[in-house]
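Noted in TrEMBL for the protein shown:
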| type | residues | note |
| --- | --- | --- |
| ACT_SITE | Asp81 | active site, proton acceptor |
| SITE | Phe24 | site 'Important for substrate specificity' |
| SITE | Gln82 | site 'Important for substrate specificity' |
| SITE | Glu166 | site 'Important for substrate specificity' |
Amino acid sequence: MANKFAIDDRKNMLPIILASTSVFRRELLNRLALPFTCASPGTDETPFPGETSDQLVKRLAEQKARSLAGTYPGHLIIGSDQVCLLNNTITGKPYTEENAVKQLLAAQGKKVRFSTGIALLNTQTNHIQVDVEHVDVWFRPLSEPEIRRYVTLEQPLHCAGSFMCEGLGITLFERIDSRDPNTLIGLPLIRLCEMLRAAGADPLAE
């Protein structure tokens with residue numbers, strides 16, 4: 001059966017907006033070789049009472065995409081959000097060095113689940129696709145001096161979980177389980193590609 005979208009459909013694709021100012025998400029999306037623009041979403045990331053990690057990241061990913069809908073009609077807008085779940089508690093970005101040290105001290109020697117929400121909004125049709133992807137990370141046993149040295153060197157203050165796996169953060173782990181390692185950096189590319197194809201924006205189209 002022929003593909004729903006012709007091979008020359010790239011010229012008919014809606015322009016793409018990444019609702020994020022994250023350098024890491026921008027670098028990941030660049031790998032798909034599709035033109036896009038970054039824009040800052042206006043979203044309150046405070047969890048609702050009783051909200052699960054999956055519910056939170058799906059809601060925030062959708063909110064980030066929808067927050068730019070009025071500014072970008074006739075676009076595909078990508079929203080994403082990530083939290084980690086440690087000891088059944090939602091943990092977000094540390095913002096300070098001391099908070100980062102505390103998060104890593106709590107995580108050392110344990111398994112931590114990262115949930116990354118992904119949303120793709122077509123502002124021409126108002127159709128939205130929303131999903132969540134998971135990564136399980138096993139931290140190796142770490143001493144406080146090791147943790148403080150890592151935080152000083154890498155300054156992972158705006159990263160859920162207080163590390164950057166694309167840098168020295170990889171030295172903190174024993175094991176990672178995920179269908180898509182990009183999910184841990186903040187943008188699940190495999191799932192996003194599925195969404196883009198469904199929206200008529202196949203990265204392999206000419």
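Yeah, the Cβs are placed from backbone N, Cα and C, and that goes for glycine too.
Known features from TrEMBL, placed on the structure.
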residue	record	Cβ neighbours (10 Å)
Phe24	site 'Important for substrate specificity'	18
Asp81	active site, proton acceptor	27
Gln82	site 'Important for substrate specificity'	30
Glu166	site 'Important for substrate specificity'	16
Neighbours of Glu166 (site 'Important for substrate specificity') among the recorded positions Phe24, Asp81, Gln82 (Cα to Cα, within 10 Å): Phe24
C-alpha spacing of Phe24 (site 'Important for substrate specificity') relative to Gln82 (site 'Important for substrate specificity'), in angstrom: 13
Alpha-carbon distance [the residue listed as 'active site, proton acceptor'; Phe24 (site 'Important for substrate specificity')] in Å: 13
For Gln82 (site 'Important for substrate specificity'), the three-state class that DSSP assigns: strand
DSSP three-state assignment for Phe24 (site 'Important for substrate specificity'): helix
